[in-house]
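Student: First the structure, which I've put down as structure tokens, then a few questions once you've had a look.
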Amino acid sequence: MRQASGRGQSIVQAFDTNVLVRLVLGDDPAQAALAARYWSEALKSGEVFLPVVVLVELVWVLAQVARLDRRRIHSELMRLTNMQGVIVERAEVVNAAVNLYAISSADFADCVILESVRAAEALPLYSFDQRLTRIDGTKGLAE
């Protein structure tokens, strides 16, 4: 997973969440083919930038709308974020969040939040979310 480092010499392109959904699910054949073509062309001519929020939205759609299981979602995250030519925003945080998502019951968004807080050395992360507060570095708030 390569960290985004600002402007360089190569062409960097980005895709919205709905394009990644088509790439992963292929649920709309015409859009999936178009998404695959543009993705492939972007990687041939330069690099693809993946914003953190796009990955968070992607996981939400895959889990809540497509009802994919966590193992499949984790596999897709690993495939996309480790692809040659892909630059991931806040790569260290995303990598840690992907790994945490694989071993916990927390939502991916919560994993990103916790790993962002951990990277900022701002622990503990206080939450009412009982699934999240089972993870080291968090503290549950009692009502």
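Even glycines carry a Cβ here, placed using N, Cα and C.
So TrEMBL has the following annotated:
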type	residues	note
DOMAIN	15-136	domain 'PIN'
BINDING	ASP16, ASP110	Mg(2+) binding site
Student: Taking each of the binding-site residues ASP16, ASP110 in turn and counting other Cβ atoms within 10 Å of its Cβ, which one has the fewest?
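Tutor: If we count Cβ atoms within 10 Å for the binding-site residues ASP16, ASP110, the smallest count is at ASP16.
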Student: Please spell out the DSSP helix, strand and coil residue counts for the domain 'PIN' (15-136).
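Tutor: Counting residues per DSSP class in the domain 'PIN' (15-136), I get 80 helix, 11 strand, 31 coil.
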